[in-house]
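Undergrad: Sharing the record's features from TrEMBL:
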- 20-40: transmembrane segment (TRANSMEM)
- 108-130: transmembrane segment (TRANSMEM)
- 151-179: transmembrane segment (TRANSMEM)
- 199-227: transmembrane segment (TRANSMEM)
- 239-264: transmembrane segment (TRANSMEM)
- 284-306: transmembrane segment (TRANSMEM)
Amino acid sequence: MFNLIVNEWIKIFNRKGTYVMIGILLLAVIGLGVLTKTIGETDQNTDWKKELAQENKDMKEQLKGNSNPTLEKNYEQSIAINEYRIKHDLPADGDYSALSFISDTSGLISLAGLFVITVAAGIVANEFSWGTVKLLVIRPISRFKILLAKYFTVLLFALALLFILFASAGITGLALFGAGDSSQVHLVYVGGTVEEKSLLLHLAGSYLLNSISLLMMATMAFMISAVFRNSSLAVGISIFLLVMGGTVTGLLATKFAWAKYILFANTDLTQYFDGSPVVSDMTLGFSIVMLAVYFIVFHVLAFVVFTKRDIAS
(Lines of atoms letter the chains of each structure in order from A and count residues from 1; the text may use other names and numbers.)
(Lines give C-alpha, C1' and ligand atoms only; values in the text may rest on other atoms or scores of the structure.)
Protein backbone atom coordinates (compact mmCIF):
# COMPACT_ATOMS: atom_id res chain seq x y z
CA MET A 1 0.00 0.00 0.00
CA PHE A 2 2.81 2.41 0.92
CA ASN A 3 4.54 1.90 -2.43
CA LEU A 4 1.25 2.49 -4.26
CA ILE A 5 0.76 5.79 -2.44
CA VAL A 6 4.35 6.87 -3.15
CA ASN A 7 3.84 6.04 -6.82
CA GLU A 8 0.66 8.14 -6.99
CA TRP A 9 2.39 10.99 -5.14
CA ILE A 10 5.23 11.00 -7.67
CA LYS A 11 2.68 11.09 -10.52
CA ILE A 12 1.05 14.20 -9.04
CA PHE A 13 4.35 16.06 -8.63
CA ASN A 14 5.58 15.07 -12.08
CA ARG A 15 2.96 17.44 -13.51
CA LYS A 16 3.72 21.13 -13.97
CA GLY A 17 0.12 21.94 -13.06
CA THR A 18 0.76 20.90 -9.46
CA TYR A 19 3.44 23.55 -9.04
CA VAL A 20 1.20 26.12 -10.74
CA MET A 21 -1.52 25.37 -8.16
CA ILE A 22 0.92 25.79 -5.27
CA GLY A 23 2.24 29.01 -6.80
CA ILE A 24 -1.26 30.46 -7.17
CA LEU A 25 -2.06 29.58 -3.55
CA LEU A 26 1.11 31.31 -2.31
CA LEU A 27 0.44 34.39 -4.45
CA ALA A 28 -3.13 34.56 -3.13
CA VAL A 29 -1.87 34.55 0.47
CA ILE A 30 0.77 37.21 -0.17
CA GLY A 31 -1.67 39.32 -2.19
CA LEU A 32 -4.27 39.15 0.57
CA GLY A 33 -1.64 40.14 3.11
CA VAL A 34 -0.50 43.17 1.12
CA LEU A 35 -4.12 44.22 0.47
CA THR A 36 -5.03 43.87 4.15
CA LYS A 37 -1.96 45.85 5.20
CA THR A 38 -2.71 48.61 2.67
CA ILE A 39 -6.38 48.92 3.60
CA GLY A 40 -5.53 48.86 7.31
CA GLU A 41 -3.09 51.76 6.94
CA THR A 42 -5.58 53.73 4.83
CA ASP A 43 -8.40 53.35 7.38
CA GLN A 44 -6.36 54.02 10.51
CA ASN A 45 -7.90 57.37 11.36
CA THR A 46 -11.57 56.61 10.66
CA ASP A 47 -14.22 56.94 13.35
CA TRP A 48 -14.97 53.22 13.53
CA LYS A 49 -17.73 53.54 16.14
CA LYS A 50 -19.61 55.99 13.96
CA GLU A 51 -19.14 53.70 10.95
CA LEU A 52 -20.48 50.66 12.81
CA ALA A 53 -23.46 52.66 14.10
CA GLN A 54 -24.28 53.78 10.55
CA GLU A 55 -23.83 50.22 9.31
CA ASN A 56 -26.33 48.99 11.90
CA LYS A 57 -28.77 51.73 10.94
CA ASP A 58 -28.55 50.74 7.27
CA MET A 59 -29.10 47.05 8.05
CA LYS A 60 -32.13 47.82 10.23
CA GLU A 61 -33.61 49.86 7.38
CA GLN A 62 -33.08 46.98 4.95
CA LEU A 63 -34.77 44.57 7.37
CA LYS A 64 -38.02 46.54 7.26
CA GLY A 65 -40.46 44.58 5.15
CA ASN A 66 -37.87 41.86 4.56
CA SER A 67 -39.24 38.33 4.14
CA ASN A 68 -35.94 36.48 3.80
CA PRO A 69 -35.21 34.56 7.04
CA THR A 70 -31.59 33.89 6.06
CA LEU A 71 -30.88 37.59 5.46
CA GLU A 72 -32.66 38.45 8.70
CA LYS A 73 -30.49 36.02 10.69
CA ASN A 74 -27.28 37.31 9.11
CA TYR A 75 -28.17 40.94 9.77
CA GLU A 76 -29.27 40.16 13.32
CA GLN A 77 -25.88 38.58 13.98
CA SER A 78 -23.94 41.46 12.39
CA ILE A 79 -25.92 44.11 14.28
CA ALA A 80 -25.41 42.37 17.62
CA ILE A 81 -21.65 42.01 17.09
CA ASN A 82 -21.33 45.64 15.97
CA GLU A 83 -23.20 46.83 19.06
CA TYR A 84 -20.95 44.70 21.27
CA ARG A 85 -17.84 46.21 19.66
CA ILE A 86 -19.14 49.75 20.23
CA LYS A 87 -20.11 49.04 23.84
CA HIS A 88 -16.85 47.30 24.79
CA ASP A 89 -14.53 49.45 22.66
CA LEU A 90 -13.38 46.59 20.40
CA PRO A 91 -12.59 47.90 16.89
CA ALA A 92 -12.84 45.26 14.17
CA ASP A 93 -9.30 46.01 13.00
CA GLY A 94 -7.80 46.59 16.44
CA ASP A 95 -4.63 44.69 17.39
CA TYR A 96 -4.53 42.99 13.99
CA SER A 97 -1.77 40.38 14.08
CA ALA A 98 -0.42 37.29 12.38
CA LEU A 99 -3.11 35.23 14.14
CA SER A 100 -5.80 37.54 12.78
CA PHE A 101 -4.39 37.19 9.28
CA ILE A 102 -4.15 33.40 9.50
CA SER A 103 -7.79 33.37 10.59
CA ASP A 104 -8.79 35.54 7.63
CA THR A 105 -6.94 33.33 5.16
CA SER A 106 -9.11 30.36 6.14
CA GLY A 107 -11.35 31.64 3.34
CA LEU A 108 -8.64 30.53 0.90
CA ILE A 109 -9.36 26.92 1.85
CA SER A 110 -11.98 27.09 -0.91
CA LEU A 111 -9.20 27.90 -3.40
CA ALA A 112 -7.18 24.95 -2.10
CA GLY A 113 -10.38 22.93 -2.48
CA LEU A 114 -10.53 23.73 -6.20
CA PHE A 115 -7.03 22.35 -6.63
CA VAL A 116 -7.75 19.22 -4.58
CA ILE A 117 -10.91 18.64 -6.64
CA THR A 118 -8.84 18.89 -9.83
CA VAL A 119 -6.41 16.24 -8.58
CA ALA A 120 -9.17 13.99 -7.20
CA ALA A 121 -11.11 14.22 -10.46
CA GLY A 122 -8.16 13.17 -12.56
CA ILE A 123 -6.43 10.60 -10.39
CA VAL A 124 -8.68 7.77 -11.62
CA ALA A 125 -10.21 9.14 -14.82
CA ASN A 126 -6.82 9.99 -16.32
CA GLU A 127 -5.76 6.35 -16.04
CA PHE A 128 -8.60 5.50 -18.43
CA SER A 129 -7.88 8.48 -20.70
CA TRP A 130 -4.19 7.62 -20.98
CA GLY A 131 -4.84 3.88 -21.31
CA THR A 132 -2.64 3.08 -18.30
CA VAL A 133 -5.43 1.57 -16.19
CA LYS A 134 -4.81 -1.88 -17.69
CA LEU A 135 -1.20 -1.73 -16.51
CA LEU A 136 -2.48 -1.11 -12.99
CA VAL A 137 -5.00 -3.94 -12.82
CA ILE A 138 -2.77 -6.65 -14.33
CA ARG A 139 -0.47 -6.41 -11.31
CA PRO A 140 -1.03 -8.83 -8.40
CA ILE A 141 -2.71 -6.10 -6.37
CA SER A 142 -6.44 -5.90 -5.80
CA ARG A 143 -8.40 -3.10 -7.44
CA PHE A 144 -9.66 -2.16 -4.00
CA LYS A 145 -6.11 -1.43 -2.80
CA ILE A 146 -5.30 0.48 -5.98
CA LEU A 147 -8.32 2.75 -5.56
CA LEU A 148 -7.75 3.13 -1.82
CA ALA A 149 -4.15 4.19 -2.44
CA LYS A 150 -5.36 6.81 -4.89
CA TYR A 151 -7.86 8.18 -2.37
CA PHE A 152 -5.25 8.31 0.40
CA THR A 153 -2.99 10.21 -2.00
CA VAL A 154 -5.76 12.76 -2.58
CA LEU A 155 -6.10 13.20 1.19
CA LEU A 156 -2.33 13.66 1.57
CA PHE A 157 -2.34 16.25 -1.21
CA ALA A 158 -5.18 18.09 0.55
CA LEU A 159 -3.20 18.06 3.81
CA ALA A 160 -0.11 19.33 1.97
CA LEU A 161 -2.03 22.28 0.51
CA LEU A 162 -3.56 23.10 3.90
CA PHE A 163 -0.10 23.04 5.48
CA ILE A 164 1.27 25.30 2.72
CA LEU A 165 -1.66 27.67 3.22
CA PHE A 166 -1.24 27.74 7.00
CA ALA A 167 2.55 28.11 6.90
CA SER A 168 2.57 30.80 4.21
CA ALA A 169 -0.19 32.72 6.03
CA GLY A 170 1.82 32.54 9.25
CA ILE A 171 5.03 33.77 7.63
CA THR A 172 3.23 36.53 5.71
CA GLY A 173 1.27 37.55 8.82
CA LEU A 174 4.39 37.76 10.98
CA ALA A 175 6.22 39.80 8.35
CA LEU A 176 3.40 42.30 7.83
CA PHE A 177 1.52 42.46 11.14
CA GLY A 178 3.77 41.06 13.88
CA ALA A 179 3.10 38.29 16.39
CA GLY A 180 0.47 40.16 18.39
CA ASP A 181 -1.06 38.87 21.61
CA SER A 182 -2.22 35.26 22.05
CA SER A 183 -5.03 36.53 24.30
CA GLN A 184 -6.81 38.21 21.36
CA VAL A 185 -10.52 37.47 21.16
CA HIS A 186 -12.94 36.56 18.40
CA LEU A 187 -16.59 37.57 18.71
CA VAL A 188 -19.27 34.97 18.02
CA TYR A 189 -23.05 35.21 18.06
CA VAL A 190 -24.55 32.19 19.82
CA GLY A 191 -28.10 31.77 21.07
CA GLY A 192 -28.94 35.44 20.70
CA THR A 193 -25.92 36.75 22.61
CA VAL A 194 -22.40 37.82 21.66
CA GLU A 195 -19.54 35.94 23.30
CA GLU A 196 -15.77 36.42 23.34
CA LYS A 197 -13.74 33.39 22.28
CA SER A 198 -9.99 32.83 22.13
CA LEU A 199 -8.75 33.81 18.67
CA LEU A 200 -6.20 30.98 18.82
CA LEU A 201 -8.92 28.38 19.44
CA HIS A 202 -11.13 29.98 16.79
CA LEU A 203 -8.23 29.77 14.35
CA ALA A 204 -7.69 26.05 14.94
CA GLY A 205 -11.40 25.33 14.75
CA SER A 206 -11.86 27.46 11.64
CA TYR A 207 -9.23 25.58 9.65
CA LEU A 208 -10.49 22.21 10.85
CA LEU A 209 -14.17 22.86 10.20
CA ASN A 210 -13.62 24.61 6.87
CA SER A 211 -11.64 21.56 5.73
CA ILE A 212 -14.78 19.40 6.01
CA SER A 213 -16.24 20.95 2.87
CA LEU A 214 -12.93 20.36 1.06
CA LEU A 215 -12.93 16.70 2.12
CA MET A 216 -16.51 16.08 0.99
CA MET A 217 -16.11 17.80 -2.38
CA ALA A 218 -12.84 15.98 -3.05
CA THR A 219 -14.51 12.68 -2.17
CA MET A 220 -17.40 13.44 -4.51
CA ALA A 221 -15.02 14.37 -7.34
CA PHE A 222 -13.09 11.16 -6.69
CA MET A 223 -16.33 9.15 -6.87
CA ILE A 224 -17.43 10.77 -10.15
CA SER A 225 -13.95 10.17 -11.58
CA ALA A 226 -14.09 6.47 -10.67
CA VAL A 227 -17.69 5.93 -11.80
CA PHE A 228 -17.80 7.94 -15.04
CA ARG A 229 -14.09 7.82 -15.99
CA ASN A 230 -14.29 11.47 -17.02
CA SER A 231 -12.12 14.02 -15.23
CA SER A 232 -13.74 17.02 -16.95
CA LEU A 233 -17.18 15.92 -15.76
CA ALA A 234 -15.89 15.37 -12.24
CA VAL A 235 -14.16 18.76 -12.11
CA GLY A 236 -17.09 20.61 -13.66
CA ILE A 237 -19.78 19.15 -11.42
CA SER A 238 -17.70 19.42 -8.24
CA ILE A 239 -16.62 23.03 -8.80
CA PHE A 240 -20.15 24.07 -9.77
CA LEU A 241 -21.53 22.51 -6.60
CA LEU A 242 -18.71 23.97 -4.49
CA VAL A 243 -19.54 27.46 -5.76
CA MET A 244 -23.33 27.25 -6.03
CA GLY A 245 -24.29 24.44 -3.65
CA GLY A 246 -24.39 26.56 -0.52
CA THR A 247 -26.32 29.40 -2.17
CA VAL A 248 -28.96 27.14 -3.71
CA THR A 249 -29.34 25.21 -0.46
CA GLY A 250 -29.74 28.47 1.47
CA LEU A 251 -32.56 29.53 -0.86
CA LEU A 252 -34.30 26.16 -0.58
CA ALA A 253 -33.95 26.25 3.21
CA THR A 254 -36.11 29.39 3.36
CA LYS A 255 -39.02 27.44 1.86
CA PHE A 256 -38.52 23.74 2.59
CA ALA A 257 -37.51 21.93 5.79
CA TRP A 258 -36.18 18.96 3.77
CA ALA A 259 -33.29 21.18 2.60
CA LYS A 260 -31.46 20.09 5.77
CA TYR A 261 -30.85 16.70 4.14
CA ILE A 262 -28.89 18.25 1.27
CA LEU A 263 -25.12 17.79 1.52
CA PHE A 264 -24.34 21.51 1.38
CA ALA A 265 -26.62 22.33 4.29
CA ASN A 266 -24.25 20.30 6.46
CA THR A 267 -20.72 20.92 5.16
CA ASP A 268 -20.31 24.25 6.98
CA LEU A 269 -20.03 23.12 10.60
CA THR A 270 -18.97 26.62 11.67
CA GLN A 271 -22.67 27.52 11.58
CA TYR A 272 -23.04 25.80 14.97
CA PHE A 273 -20.21 27.76 16.59
CA ASP A 274 -20.18 31.09 14.80
CA GLY A 275 -23.74 31.77 13.72
CA SER A 276 -26.98 29.87 13.26
CA PRO A 277 -27.82 26.72 11.24
CA VAL A 278 -29.37 26.93 7.78
CA VAL A 279 -32.51 25.20 9.08
CA SER A 280 -33.43 26.09 12.66
CA ASP A 281 -33.93 22.53 13.94
CA MET A 282 -30.56 21.26 12.66
CA THR A 283 -27.95 20.17 15.22
CA LEU A 284 -24.23 19.43 15.08
CA GLY A 285 -24.92 15.72 15.60
CA PHE A 286 -27.42 15.70 12.73
CA SER A 287 -24.92 17.30 10.33
CA ILE A 288 -22.17 14.86 11.32
CA VAL A 289 -24.50 11.91 10.65
CA MET A 290 -25.54 13.35 7.27
CA LEU A 291 -21.91 13.92 6.27
CA ALA A 292 -21.06 10.35 7.28
CA VAL A 293 -23.94 9.00 5.17
CA TYR A 294 -22.85 10.97 2.08
CA PHE A 295 -19.22 9.98 2.68
CA ILE A 296 -20.11 6.28 2.80
CA VAL A 297 -22.39 6.50 -0.25
CA PHE A 298 -19.69 8.20 -2.32
CA HIS A 299 -17.15 5.53 -1.40
CA VAL A 300 -19.51 2.61 -1.95
CA LEU A 301 -20.32 3.90 -5.44
CA ALA A 302 -16.65 4.50 -6.29
CA PHE A 303 -15.30 1.19 -5.01
CA VAL A 304 -18.14 -1.03 -6.22
CA VAL A 305 -18.13 0.38 -9.75
CA PHE A 306 -14.32 0.39 -10.06
CA THR A 307 -13.82 -3.13 -8.72
CA LYS A 308 -16.65 -4.62 -10.82
CA ARG A 309 -16.02 -2.75 -14.07
CA ASP A 310 -14.82 -4.55 -17.18
CA ILE A 311 -11.61 -2.62 -17.82
CA ALA A 312 -11.29 -4.02 -21.32
CA SER A 313 -14.47 -2.19 -22.34
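Just so it is clear, glycine is given a Cβ too, placed from its N, Cα and C backbone atoms.
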Undergrad: Taking the transmembrane segment (151-179) as the reference, which of 20-40, 108-130, 199-227, 239-264 gives the largest number of Cβ pairs under 8 angstroms?
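TA: Per the Cβ count, the answer is 20-40.
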Undergrad: Please identify the stretch among 20-40, 108-130, 239-264, 284-306 with the greatest number of Cβ pairs below 8 Å relative to the transmembrane segment (199-227).
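TA: It is 108-130 that shares the most Cβ pairs under 8 Å with the transmembrane segment (199-227).
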Undergrad: Given a Cβ distance threshold of under 8 angstroms, which distant residues of the chain, six or more beyond its ends, lie next to the transmembrane segment (108-130)?
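TA: Residues 8, 12, 17-18, 21, 24-25, 28-29, 32, 136, 147, 150, 153-154, 157-158, 161-162, 165, 169, 207, 210-211, 213-214, 217-219, 221-222, 224-226, 228-232, 234-235, 238-239, 242, 306 contact the transmembrane segment (108-130) from elsewhere in the chain.
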Undergrad: May I ask for the residues of the chain that lie six or more residues beyond the transmembrane segment (284-306) and have a Cβ under 8 Å from a Cβ within it?
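TA: Sequence-distant neighbours of the transmembrane segment (284-306): 124, 143-144, 147-148, 151, 212, 216, 219-220, 222-223, 226-227, 260-261, 263, 265-267, 269, 272, 277.
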